[in-house]
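Listed in TrEMBL:
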- Ser106: active site, phosphoserine intermediate (ACT_SITE)
- Gly32, Leu33, Ser34, Gly35, Ser36, Gly37, Lys38, Ser39: ATP binding site (BINDING)
- 25-174: domain 'APS kinase' (DOMAIN)
Amino acid sequence: MAENIVWHQHKVDKAVRAQAKDQKPQVIWLTGLSGSGKSTIANILEQKLEAMGKHTYLLDGDNIRHGLCGDLGFSDKDRVENIRRISEVCKLMVDAGLIVITAFISPFRDDRNFCRKLVDDGEFAEVFVDTPLEVCEQRDPKGLYKKARAGDIKDFTGIGSDYEAPKAPEVHLKHEQETAEQAADRLIEALQQQGRLT
Ligand SMILES: Nc1ncnc2c1ncn2[C@@H]1O[C@H](COP(=O)(O)OS(=O)(=O)O)[C@@H](OP(=O)(O)O)[C@H]1O
Ligand SMILES: Nc1ncnc2c1ncn2[C@@H]1O[C@H](COP(=O)(O)OP(=O)(O)O)[C@@H](O)[C@H]1O
């Protein structure tokens, strides 16, 4: 708890850093089932933003779980803590003036809203990568669904653990017959229309 600790207001602040980078710092939060396409789309998105001269940072589930959240598993309690830590990192990165892209399952609504509330108004865009379970399971890029169905992973999202779909995401990438490249283009278009990439 932050008892007896005083917040320091620095002279070089978020506004100064944002101006230097000529961009709106923000979090672009991708959520969806394992195999829905979060990492693939997030990677393409980051390359496109980088080509547009934006300063970005991509936080990805598997990578963060090797370090910052390496002590956490997949119980509900650990998933809540995982997203809490990531949200705090997002806040710091937004304060640093960056456009942060995240690719976590983040299955619980309250946890995604925790990050939304942590940053300022307009600095959080929830992107629902809405790929049905059957499609994710058919893709099974890491063979995890197969393991989950065999009973080797008991709390796998969509099988033994809940996924709470976003109710009003800023961007809804619904699974259609589109490639990841097309999905990333549509995402950029939506972000531009919402005035987030000016
Ligand atoms: N039980 C269980 N449930 C779901 N996912 C599992 C599980 N065990 C391991 N994995 C792998 O971990 C990746 C998800 O990590 P996240 O940090 O995004 O999960 S969460 O947001 O805390 O729910 C997830 O990565 P993605 O496939 O990229 O989503 C899996 O590769
Ligand atoms: N339209 C699409 N969008 C994203 N990924 C797609 C699409 N079509 C097929 N894929 C494939 O589905 C898999 C998604 O895996 P990944 O991006 O790791 O998902 P996640 O990060 O959500 O677990 C990749 O192998 C990717 O090539």
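Here, residue 1 is simply the first one shown, and the rest follow in order.
Keep in mind that glycine also has a Cβ here, set from the backbone N, Cα and C atoms.
Just so it is clear, the model here is predicted, and its values are computed rather than measured.
Close to ligand 1, meaning a Cβ under 6 Å from one of its atoms, are these of the recorded positions Gly32, Leu33, Ser34, Ser39, Ser106: Ser34, Ser39, Ser106. Sparsest Cβ environment among the recorded positions Ser36, Ser39, Ser106 (other Cβ atoms counted within 10 Å): Ser39. Screening the recorded positions Ser34, Gly37, Ser106 for a C-beta under 6 A from any atom of ligand 2 leaves Ser34, Gly37. A 10 Å cutoff on Cβ-Cβ distances gives Gly35 (ATP binding site) a total of 23 other Cβ atoms nearby, all chains included. Recorded residues Leu33 (ATP binding site) and Ser106 (active site, phosphoserine intermediate) have their alpha carbons 9 Å apart, per Cα-Cα distance.
Around Lys38 (ATP binding site), a 10 Å sphere centred on its CB holds 26 further CB atoms from the protein chains shown. Between the CA atoms of Gly32 (ATP binding site) and the residue listed as 'active site, phosphoserine intermediate' there is a gap of 7 Å, rounded to the nearest whole number.
In the predicted model, residues of the domain 'APS kinase' (25-174) average a pLDDT of 97.
When Cβ atoms from all protein chains are considered, those within 10 Å of Ser34 (ATP binding site) total 25, not counting its own.
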